[in-house]
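Q: For reference, the structure I am asking about is given below.
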Amino acid sequence: MESNGGGGGSPKEAAVVVPSSGDATLGGHLARRLVQVGVSDVFAVPGDFNLTLLDHLIAEPGLRVVGCCNELNAGYAADGYARARGVGACAVTFTVGGLSVLNAIGGAYSENLPLICIVGGPNSNDYGTNRILHHTIGLPDFSQELRCFQPLTCYQAVVNNLDDAHDQIDRAISTAIRESKPVYISVSCNLPAVPHPTFSRDPVPYFLSPRLSNQASLHAALDATLAFLDKAVKPVLVAGPKLRVAKAGGAFVDLADASGYAVAAMPSAKGLVPETLPRFIGTYWGAVSTAFCAEIVESADAYLFAGPIFNDYSSVGYSCLLKKEKAVVVQPDRVTVGNGPAFGCVMMRDFLSELAKRVRKNTTAFDNYKRIFVPEGQLPECEAGEALRVNVLFKHIQRMIGGAEIGAVMAETGDSWFNCQKLRLPEGCGYEFQMQYGSIGWSVGALLGYAQAVQKRVVACIGDGSFQVTAQDVSTMLRCGQRSIIFLINNGGYTIEVEIHDGPYNVIKNWDYVGLVNAIHNGEGRCWATRVRCEEELEAAIATATGDKADSLCFIEVVAHKDDTSKELLEWGSRVSAANSRPPNPQ
């Protein structure tokens, strides 16, 4: 990481930097292209190889450079921004910055997010000279960083020649949007200010032609699916996380309305479909599903999964009671019907839209759900001053998001996954977490990026262990004037790891978290931090955060017992532990 990692001007009041060599420069072209695809904030850490490029990014009127405290958080911020805006970008320096941001790029790749990672590279004259440069591993071959990025990006552009720079940049950015994956752009440090005829002042706007379904394949898939679903007695509909990639959320809602099926969402699809749908029955997550949801899904004689990802986490250690012969699996460009045929070149949005027009309405599964459903009981009342329980915390968070203008809820890897899944999201409230990659600390940077992209406040639930990984970019939230509400759950360690496999390594040093945030605040910007230990203090803190301090970044440290976990985490942890502990197959 660069020693000057906290550098860069305030993103709200960045000094105007005039490019040194006219308008038709590489740096100016890259900046305009970013704005054109919807990026207005680039999350950056300055280093000597990217400084001139940052000058040109800052000079673009529609672009802000948000200086982050480290490259990992810059990458996480671009991840969060992409979730809200559809595309995100970060800028770092060569190798020391690139390898630091790489973990975040891996997370964005796994979550199918278009993220443009820009790296300031060596001077173009140094390529092929056998020179050894700083910020390298001491070899004259500068390709080590590129080779690290290749498995984690869908396109890589090494721009060290102006003649093909325009084409490489345009192709990289368009590929990120089209494939919904990260891309890597390395720009030699001596090129951003150099004019070239290919960098016109107003580049031709991007036009990405939509992927079209093969009509014969589409109709064959529809016929097979309708025959499969219409003969079922109690079919159900389940949303998966690839609805985002396919941009098929609206088509899924149309199908839910037309079919009458009971509707569930996989955990990583929470927030992608409205939970206000009339036949929504909750989260399907195997043994840790919303009450009565798994019973309805797993007992169905047919289920349509739209954009699922089945891994060891989403299947609770491969323990879901699903059968392939009962499933229609719709992926962004493919449909598979039971044990029968698979239909390629079928776009999910087209398929779901057409299916909604032809499907036969069947409310049997939802009718069964209504018969067996028993409302959850009331939480026991807390005694005055009684130590705060985590379930009481989330009772109050549920009330808060229902009554305040909250744009999204973000859940950090850990018990917050399970507690936040139980929140019933109001109309228009998003939900984000990183289930496939599961990198602890992700939510701090992602919160920074997401909040920078939206107008409404964002709520984040973060465990103490995760917060210690990436805490310093609370500083950047303050510099950006953000108003998020952070609930820091202090239970003394890595609780999710404890429930998978306990050991002394899961205990962490306790911090004075409120004191830390106040030190970061240092009287600059709007920030309010408090610690709560009982329900009365929590109620007062939420009232203040949504009232007098509604224009501030609010940090509420919630002190909880180390063994206060959700029952879902206990169940999930034991099943994932069993999956991890399988003995080697006989050789």
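Counting starts with 1 at the first residue shown.
A Cβ is built for glycine as well, from the same backbone N, Cα and C atoms used for every other residue.
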Q: Which single residue out of His135, His166, His396, His561 does Swiss-Prot record at the substrate site shared with Asp48, Glu497?
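A: The one candidate that Swiss-Prot places in that substrate site: His135.
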Q: Can you tell which of Asp464, Asp548, Asp551 Swiss-Prot lists as binding Mg(2+) with Asn491, Gly493?
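A: My reading of Swiss-Prot gives Asp464 as the candidate in that site.
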Q: Rounded to an integer, what is the Cα-Cα distance in Å between Glu497 (substrate binding site) and Asn491 (Mg(2+) binding site)?
A: 13
Q: Check the region 'Thiamine pyrophosphate binding' (415-496) for me and report the mean pLDDT.
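A: 95, rounded to a whole number.
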Q: When you measure from the Cβ of Asp464 (Mg(2+) binding site), how many other Cβ atoms are you left with inside 10 Å?
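A: So the number of other Cβ atoms within 10 Å of Asp464 (Mg(2+) binding site) is 25.
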Q: Would you measure the largest Cα separation among Asp48, His135, Glu497 for the substrate site and round it to whole Å?
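A: Value for the max Cα separation, rounded to a whole number: 39 Å.
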Q: Determine, for the Mg(2+) site, the additional residues of the same chain whose CB lies within 8 Å of the mean position of the CB atoms of Asp464, Asn491, Gly493; present them in sequence order.
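A: So the additional residues around the site are Gly463, Gly465, Ile489, Asn490, Gly492, Tyr494, Thr495, Ile508, Ala560, Lys562.
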Q: Between Asp48 (substrate binding site) and Asp464 (Mg(2+) binding site), what C-alpha distance do you get in Å?
A: 34
Q: Work through the binding-site residues one by one (Asp48, Glu497) and point out the residue whose CB has the fewest other CB atoms within 10 angstroms.
A: Asp48
